[in-house]
Amino acid sequence: MGLSGGVDSSVSAALLKQKGYKVTGVFIKGWYPDFLPCEWREERRDAMRVCAKLDIPFLTFDAEKDYKKNVIDYMVSEYKKGRTPNPDIMCNKHIKFGSFLNFAKKEGADFIATGHYARKKEYRMKNDECRYELLEAQDKNKDQSYFLWTLTQKELKHTLFPIGHMQKAEVRILAKKFKLPTALKKDSQGICFLGKVDLKDFLNHYIATKSGAVLDMEGNKIGTHQGVNFLTIGQRHGFVINNKINHSKPLYVVSKNITKNTIVVSDNYKDKSNSQGSDTIILKKTNWINNKPNKDNVYFVRFRYRQSLIKARVVLKSKKYIVNLFEGFRDISEGQSVVVYDRKGVCAGGGIISVIL
């Protein structure tokens, strides 16, 4: 059982033990830079306290090297290229359901379990083969299936999501019922393992700031920013406008030019009547959890966590998967993950945005 020191994984461990599983709590130690507060020891201590309360064994899995290489280095590299990555998705792929799963198997475990709000459904094929679906959580406000689109049948076979069928409020009640030491602990936020950090401050340690121009839709310079790499499409902060009197409405980043280190901003970005946005997206590094998308089916996609689902079709053309949105959408950036769902809330998989048309 992957224990983060938070309430969700704590309750998950308690539920598994209650059901008769032989549970071992494992704290996954990531990589932590010298310039950030060292909070992992406190989180590890909370995980140990939960194990003591539940009377289950406790282990620590050191994933520092894998985390630095596959999550942090990847994230920094993507931002240097002007893209908008999602480190939490890479953390799940390479660490929680990668090196941690391998570690658990070596320890003799049949399954790993996490505190993710997601569900797994098992079904059998005509040839009696067992297959698995990844479904949205029962609590739609907490659903984390967006971060799990890289999972495969191999990983789902050995994975349990003990609280995926529950509401967050129920989890809190159970934490008190089980008298867990994390029952009143606030939910964690921020980047996987690192916690809540100022992303720009973090990236400043790896990417040099470079002042550039902020342009309006006509190409006039109206302000400055400290580096196009730190900004993403749809962002309304992180740049300075020279004359705020002439620009009283909120301004949003609508495009970036990496070569020229400039951004274009607009105050009508959120007004659907002024722009249709993009409706065609080419994906790379796709993963389909079960079946590959059917070009005739209607799917629903999202580009960000908790974003409303958008109708689309997914087609294969010239060996590349293309997402055709029913309506144009503006908050899209290269490097983001597109996660695809069917009408029943089953996560079909997804890919990373390569080209926006």
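Yeah, the Cβs are placed from backbone N, Cα and C, and that goes for glycine too.
Taken verbatim from TrEMBL:
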{"type": "BINDING", "residues": "G2, L3, S4, G5, G6, V7, D8, S9, I28, G115", "note": "ATP binding site"}
{"type": "ACT_SITE", "residues": "C91", "note": "active site, nucleophile"}
{"type": "SITE", "residues": "H116", "note": "site 'Interaction with tRNA'"}
{"type": "ACT_SITE", "residues": "C192", "note": "active site, cysteine persulfide intermediate"}
{"type": "DOMAIN", "residues": "200-267", "note": "domain 'tRNA-specific 2-thiouridylase MnmA-like central'"}
{"type": "DOMAIN", "residues": "278-353", "note": "domain 'tRNA-specific 2-thiouridylase MnmA-like C-terminal'"}
{"type": "SITE", "residues": "Q336", "note": "site 'Interaction with tRNA'"}
* To do: Filter the binding-site residues G2, S4, G6, D8, I28 down to those whose C-alpha lies within 10 angstroms of the C-alpha of Q336 (site 'Interaction with tRNA'); answer none if the list is empty.
  => none
* To do: Translate the DSSP assignment of I28 (ATP binding site) into the three-state scheme.
  => strand
* Among G2, L3, S4, G5, G6, V7, D8, S9, I28, G115, the record's ATP binders - longest CA distance, Å -> 16
* Taking Cα-Cα distance, which of the recorded positions C91, H116, C192 are within 10 Å of D8 (ATP binding site)? -> H116
* Asked: In sequence order, what residues of the same chain, 6+ apart, have a Cβ less than 8 Å from the Cβ of G6 (ATP binding site)?
  -> E43, D46, G115, T182, K185, D187, S188
* Asked: Say you check the Cα of G2 (ATP binding site) against those of the recorded positions C91, H116, C192; which is nearest?
  -> H116
* Structure fact -> Those recorded positions from I28, C91, H116 that fall inside 10 A of the residue listed as 'active site, cysteine persulfide intermediate' by CA distance are C91
* Can you name the residues of this chain that are 6 or more positions from C91 (active site, nucleophile) yet have a C-beta less than 8 Å from its C-beta? -> G30, Y67, V71, I191, C192, F193
* DSSP three-state call for G2 (ATP binding site): helix, strand or coil? -> strand
* Asked: Which number gives the other C-beta atoms within 10 angstroms of the C-beta of D8 (ATP binding site), all protein chains shown included?
  -> 26
* To do: Please report the number of other Cβ atoms within 10 Å of the Cβ of I28 (ATP binding site).
  => 28
* Greatest C-beta neighbour count within 10 angstroms, which of the recorded positions G2, S4, H116, C192, Q336 -> H116
